[in-house]
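Q: The following feature annotations were taken from Swiss-Prot:
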type    : residues                     : note
BINDING : 122, 172, 176, 294, 326, 378 : substrate binding site
BINDING : 200, 202, 203                : Mg(2+) binding site
MOD_RES : 13                           : N6,N6,N6-trimethyllysine
MOD_RES : 200                          : N6-carboxylysine
SITE    : 333                          : site 'Transition state stabilizer'
């Protein structure tokens with residue numbers, strides 16, 4: 001049979017063969033242990049979709065461009081990737097979704113790096129394809145169980161911080177570059193003192209001439225302890241441990257642990273998955289929370305027909321390890337994007353996510369008991385967005401207002417107060433059964449009557465129109 005082409009009796013036929021003879025298997029039944037991938041394929045003109053899909057399966061598993069005699073020394077049937085289904089994308093000419101199944105044995109256990117090297121390592125430069133995008137991955141429990149996952153997860157984080165029943169509040173310290181360590185620490189203290197739970201190093205604050213990392217760590221730790229003492233709440237500052245080498249990164253993490261701070265931070269795409277997984281292991285062993293920033297993600301995920309969708313990068317992060325990850329804000333975006341963002345927010349938080357193509361989820365994903373990751377909404381949000389954010393993200397999230405805190409006309413601490421008051425008002429209104437989508441502006445206005453800080457913030461940013469009226473259509 002053409003399927004079992006590895007028997008010696010067949011003889012060795014040299015030459016270039018169509019990929020689809022070996023790698024396109026529409027009658028294949030996927031196994032529970034297979035890693036499944038959904039690729040959006042745009043073939044070059046004249047290349048049939050089956051051949052393109054099979055080429056993806058081949059190039060990302062056992063195939064090479066010609067038949068080689070060493071194929072006879074292994075069982076291709078056991079190790080090859082298989083393109084088992086192809087469907088056209090509605091409304092797009094010459095776009096197809098190719099589903100590929102990879103046998104589990106092709107991957108090293110506990111290595112996101114190896115998983116990506118195999119699945120997306122070579123195939124994106126393939127000539128027969130005009131463009132290729134990895135839309136989704138199904139990680140089988142047999143594989144996800146080989147990963148530690150997030151250092152702590154959502155529940156343990158709440159227990160460590162003693163904060164329940166509401167989203168957490170953060171703020172990125174700006175200007176991101178140029179402050180001295182002492183002034184930086186002062187800004188941190190003011191925000192935490194005003195009522196935020198966290199402040200954050202910007203992703204590109206590492207260790208520059210104007211502020212070396214040790215100085216920053218020391219001044220921020222001082223700010224944290226001072227704010228904790230004055231407010232009676234646990235506070236944190238995401239100290240960015242990202243560095244040029246893994247050794248230096250771990251050195252910074254060790255110093256943070258010695259200072260006794262609760263949380264550090266890493267840029268997982270620029271730092272790389274290997275570094276990130278090492279850091280996540282260190283964080284779990286030493287009781288540090290790990291905040292993940294996705295700097296560079298748009299380079300990879302912005303094109304709709306080429307690259308890797310962010311939901312795949314988010315799944316990979318949950319396996320590699322991180323307690324928070326930035327995931328977009330949803331507010332003021334289009335409906336469709338909103339559903340898709342909520343799709344990967346669920347992939348980060350929940351144990352079991354059912355297949356739902358309307359939210360961009362191509363496969364049912366069962367994480368078994370891997371801890372969840374808190375999604376972080378950050379970027380261009382302010383107090384008027386608070387009802388929408390509370391409604392959309394729910395309690396298990398971190399809402400980060402950078403300019404929305406530091407841009408307050410009276411300063412950082414009042415800006416923090418305004419955000420905290422707005423958040424508490426929204427949470428209370430929700431718990432009393434009010435509809436945040438419809439009454440959001442009203443709730444904020446009521447709260448601003450007894451909080452001058454909030455009133456000032458409302459005045460600066462004015463009301464915004466919520467672009468969603470009907471939340472129930474989801």
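The backbone N, Cα and C atoms fix where each Cβ goes, glycine too.
What you are looking at is a predicted structure, and each value in this text was computed from that prediction instead of being measured.
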Q: Which one is it: of the binding-site residues 122, 172, 378, which Cβ has the fewest other Cβ atoms within 10 Å in this structure?
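A: Candidates: the binding-site residues 122, 172, 378. Fewest Cβ atoms within 10 Å: 122.
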Q: Taking only same-chain residues 6+ apart in sequence, whose CB is under 8 Å from that of residue 326 (substrate binding site), what do you get?
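A: The answer is 292, 293, 294, 375, 376, 378.
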Q: Give me the long-range Cβ neighbours of residue 13 (N6,N6,N6-trimethyllysine): same chain, 6+ apart, Cβ under 8 Å, in sequence order.
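A: Listed in sequence order: 67.
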Q: Give me the count of other Cβ atoms within 10 A of the Cβ belonging to residue 294 (substrate binding site).
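A: Around the Cβ of residue 294 (substrate binding site), 23 other Cβ atoms lie within 10 Å.
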Q: Rank the binding-site residues 176, 200 by how many other Cβ atoms lie within 10 Å of each Cβ and give me the one with the fewest.
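A: Least crowded of the binding-site residues 176, 200, by Cβ count within 10 Å, is 176.
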Q: Between 202, 203, which of the binding-site residues has the fewest other CB atoms within 10 angstroms in the structure shown?
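A: Output over binding-site residues 202, 203: least Cβ neighbours within 10 Å is 202.
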Q: Determine, using Cα-Cα distances only, which of these binding-site residues is closest to residue 122 (substrate binding site): 200, 202, 203.
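A: Nearest by Cα distance to residue 122 (substrate binding site): 203.
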